[in-house]
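Down below is the structure, laid out as C-alpha cells.
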Amino acid sequence: MQRGENISWLDLVAGDHGDFRIQDRGQLGKVVKELSDPAGQHPTMFLFLGRAVKDEALNRLFAKRVNRTISDGTISLRSDSATRASDSPILIADGGLDTVAPRLNATHVGTLYPIKWGEPGEKALWTIYTRLLFLFCDVICIFADDFPSLDYIADFLVFAAETGTASILPVQVRPAVVIVLGRDDSASGALDFYTRLAAHPDRTTDMFSVIRTVSLDKNRGKVSGRYGRLRSVLQHHHSLEVRSVHRARFSARDLNALFQAALKHTAETISKPFDHIRAMRVGNEVVRDLHHHMTRYLQLGTQSKIQVEDLLPSTASACINDHYTPEAHLSDPKLIFERLYRTPLLRAFQAIQERAPMLSVAPEMACKRVLIGMKKFFSILEKGESSSAQIHLIQIMSQSSLFCSVKSNRTCLWCRFRSPLHRMGCGHSLCDICVWKFGTPASDIEFRFTLHQCGICLSQVPLVVDLVPPTKRITILTIDGGGVRGAIPLEWLVLLQEKLGPQCPIQDLFNLIMGTSSGGLIAECLAALRWDVPTSSDTFDQLVRRVFRHRLQGSPGWLCYSVLGTIFKWLTWWLHDGLYDANILDSVLREISGSRRIFDAAGPDSSGALISRARVGVVATNISRKTSAFVFGNFNSAHVDDTQQGYVIVRPDCDSDEPFLWQAARATSAAPVIFPPAYIRALGTFQDGGLKWNNPANIARHVSRQIWPSKKRPALLVSMGTGTEEDRNESTMARTEGTHGQLAPHFRNVFKDGFARRTLHAWLSSLDGEEMWTDLLNQLDDKEKADYMRLNVPLGRKASSIDNVSDLDSYRNLVLCHPSTSKMVAEVASALLISCFYFELLGTPVGEEGHFRCSGIIRCQPAARAIVPPLKECHGSRPMYFVTDKETLGCFLGLEDICPSCSRYRKAVSFRVRHPDETITIYLRIDRNRQRKISGFPDTVSSFVSAQGLASPFGTPHHGSRSVRSCEMCNDLEHSWQQQSKKRGCSPPKSLRPRKMTRQSPLSAGAAA
C-alpha cells in the first residue's frame, strides 16, 4: 500500500430530508486485489473500535506492518503487510461508535446505498456494525479509554444483542469481543459491566462467541509493552479453527463478494437474516419449479417399479452437482440442504406419498437419507477426488440398469432440475445446461457440443447440439397458413437460399421456426427433417397435388352433376366432415416423416450423429367452443408453472404418448370444411391453427421467451405470408369517395351474399395475416420495428382458393414478378447474416477517469466461413465497419477476421461507456446511410457481465465448461488484446488490426486471407 493512501471504507451519510445512506468506497475490493492469491487466501478480520487509544494500539500492535495512511471515513480498512502473502492474511478494520454522519454532497465518492428500514436515528451506525460488520469479523476490540464509560460499551453490546445477528451460521461462528480496559478501570466497574450483560444471556451468546476483558499491562515501561496481553489474545484466537470446522472460512475473493451482497441486504432490511447461501447463488439460482421436476422424477421411478431407496442416491448427487460448482465455497452440505433443497424435496416426497400411500420411506426420512447421501458425496468432493459434475455423472451411470427404461420429455433426467430441449437417439432427453456441462465442444463453431454417450443408459449414438450463446439473441422464422398458397413462402425461401448460397442452409440461421397449417408443414420439413429448400418445395408440390387431386364424391360419375348427385355429394362431405379424404393426407404425411416423433432430434448426418439445432413448432386449435391454441414443438417452457400465455405447449405426461411428427402436421393442417379434425391418442382432437393464429408471429415471440426466458427480445423475426387479398370494390370506393364515403354496401343480394358465402369469405379472409402483423407492429416501439420483417405479396386478381393445385405456379409467379422482390430478399438476407454476429466481453469493464473501458470479441454463429462470403456478396466491395453510436470499432475484414487455426470469427473491439448500466449498441455499418445492429443489442454492459457470469465468483450453472475447444492462437490474441486494452488509448494487436483499409472485392479479400 502506498504511503499516505486513503483507507476509508464505509460511511454513514445523512441526506437532506433526514434519510441516511451507506457509502461504500470500495476499499475491501482494493485490499483484496493487493493479496497474492485472493481465491486461495482466507483472511482474518479484526475490528478495532475507539479513537486515540485505538490508534495507538494499532501503531504498536502492527508496528512497521501497516504503512502510514490517511482516512476521513467512518470505518477504515487496511491489510497487515507481514501476512499479506500468507494463507491467512489479517485485515484490520477500525472506526468509532459515536461518529456524526456527514451531510451528502457532490464530493462523496463510491457507491451509495439508501437505507430503507425507517428513520435510523442515532443508532444507525450501531446497526451497521451489528448487522453488517459483525458478519465478517473474527475479533472485535473495544478500547474502554476511548468511550465515556464501560456502561456505554455495555449499552452498545446489549443493543447489538437485542438487534440480533444477521448470520445463519451456527452460533459457534460468531465474533469474539475483547474489551481493552484502561488504567482507570476498576475491578468493580468490570463486574458491573458483566452484570449488565448477564441480564441478556441468550441474546449475547447468540451474538458473540465470547466477551472478555483484557487490561493493559501497567508495569511495562515502554508504550509498546502495554499491549502485550492484547497481542497474545489476537495471536491465540480460535476463530480460524472454528470457521474451518463449520466450513465458514471464506477466501478473500468470496469475502469481498459476500460483503457486497450483505451491504445491499443491510440497506434493504434489518428484519431478515442475511442468507449467504442464497447470496452465493445469485446468477445461478436454484430453479423455482424444482419440486415439479423432482415429483415427476420420483413418479417416473415408482411407476417403473424402482424402490424409493434407489431413487435417493442420484437425488443427493443431483443436489451436489447443482450447488458445488468448481468456484463454489465448500459450505456445510447440511446448511446447503436446509437452505436450498429441503423444502422442494419434501414437497415432492409428500406429493408421491399422496399418490402412493404405501410408500416404503416417509417424506421426512427420505429427506434425511438425501442429506446423508449429500454428505457422502461431499466428502469425495472435499478431498478433490472428483468434481461435483463427475460425481453425479458417475452416480447416474452406475444405476443405468435401473433407469435405462425411464424416459421423460418434461424433466431432464441427467440433472433432474430442468426442462429438456434435446432428445438423444435412445430416447433420453436433456437440458441446455447438461449439454454445455457434459458435452464435448467443437473447435470450429461457437457453442456446438457433441454428446458421445447417454449418461442414463450408456448408449453411444452421438448427438450434436447447437446452443444459443448467452449474449446472442434469438432469430425467428414464422410462416402463415394458406393451403396451396404455401407455394408463396416457399418461393421466398428459394430466393433467400439462392442469395445465401448452398453453404449456408437457411434453417441454420434461425433458432425458432414456427408455422400454421401449410406453414407448419414447411417448418417441419426445414427444421425437424432438415431438408433443403428445393427438396421441401418439391415435396410440398407433390403433397398438395396428391391430397387435393379429387374431392370426395357421394355418387356414381353419371349422377355427380345431377341434383341427386349434388345432394349425395353434400351428404358425403357432411358425413366425412370434410371435402377431401383425410386418409390420403395421413398416408402422405406418414411417408414424409416416417416414425419420427415431434421431440426427436433430426438426422442422422453423414457421420451418423443426430442433430439438435433449431426449435420448431406448429400451431393447432382444439375443437371446443372456446377454440384454444395449442403448440406442438420440440421444446418445453423453461418454467413448469409458466402457463398463462393464451396457448398450451403440448407435452404429454407419458413419453410413449409423444405425438409423431406427422400427427402434429395433421393437426395443424386440419382446416374446417377441407379436412376432418385430427384425433391424437392421449391428447385429444385438434384442427387447423389458422382459426386462431394463421399468422404465428406473435405467438412465436411468446414461445421464444418461454424457451429462453433471458432473451426478452428477438434479434430478428422474419414473417412470411401466403398472399394478401384486397377487396377491389372497397378499395375503389375508398379512392373515389375518400374516408368520409360510404364503405359498406347498402344492398345485400340474398344469393350472392347469403350466410354460406359470407361464412366462407370470412374464413378465407382470416388466412390473410396482414392484420395480425399490423397488430403486432403496433405493440412495438419504433426502434424494435426494424427487427421485424415481413415477406408477402398481394394476390391481385388471383383467386384466394386454398385447394386449387392448378394455381401453384401462379402463386410462385406472384413472388417472382413482384417489383420489390429483389430488394426485399436482399434486405432480409443481409439482416439474417448480420444477426449471426454477437459480442462477448473478455472481462469486467475497467474504470478509467470518469468512464469504463469494455474489451471484447465479436463472434459469429453458425460457421463463419458460411456467413462471411454471402454477406460480402450482398454488399459488394464497399468497406463495412463495426461502430457504436459514438465511435468506430474497426473495419469488417471478412475472411481475414477468421482465425486460420480454428476457423472461428474473432474481431477484437474496445469501447467506452460512462456507466456499466448505460445502454449501448454495436452496428455493422454498410454505408453512410445504412447500418444494422448485430445480435444482442441494444443492451447494457452490465447485462453482458451478468449473462456471461463474469460477476459470479461462486460459479455458473454450466460449471465454467468451455463453449468451444481451446485454440492457442485465439487465446494468445485475446490475452494480448485484453492486456493492451487496459492502457488508455490502446489499439488492437497488430495481428488483429486491419492491414490496409482499401476497397477490395470479396474475392480479393478471400484470396488475401
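Glycine is treated like the rest: Cβ placed from N, Cα and C.
Annotated features in TrEMBL:
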DOMAIN    477-701  domain 'PNPLA'
MOTIF     481-486  motif 'GXGXXG'
MOTIF     515-519  motif 'GXSXG'
ACT_SITE  SER517  active site, nucleophile
ACT_SITE  ASP688  active site, proton acceptor
REGION    720-739  region 'Disordered'
REGION    978-1009  region 'Disordered'
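Packing around the residue listed as 'active site, nucleophile' is summarised by its Cβ count: 32 other Cβ atoms lie within 10 angstroms of its Cβ, all protein chains included. In the motif 'GXGXXG' (481-486), the DSSP tally of helix, strand and coil residues is 4 helix, 0 strand, 2 coil. The average pLDDT computed over the domain 'PNPLA' (477-701) stands at 87. Just so you know, the Cβ of ASP688 (active site, proton acceptor) picks up 30 other Cβ atoms within 10 Å once every protein chain is counted. Look at the residue listed as 'active site, proton acceptor': DSSP puts it in a strand.
Reported as a whole number, the C-alpha separation between SER517 (active site, nucleophile) and the residue listed as 'active site, proton acceptor' equals 6 Å.
Each residue in the motif 'GXSXG' (515-519) gets a DSSP state, and the totals come to 2 helix, 2 strand, 1 coil.
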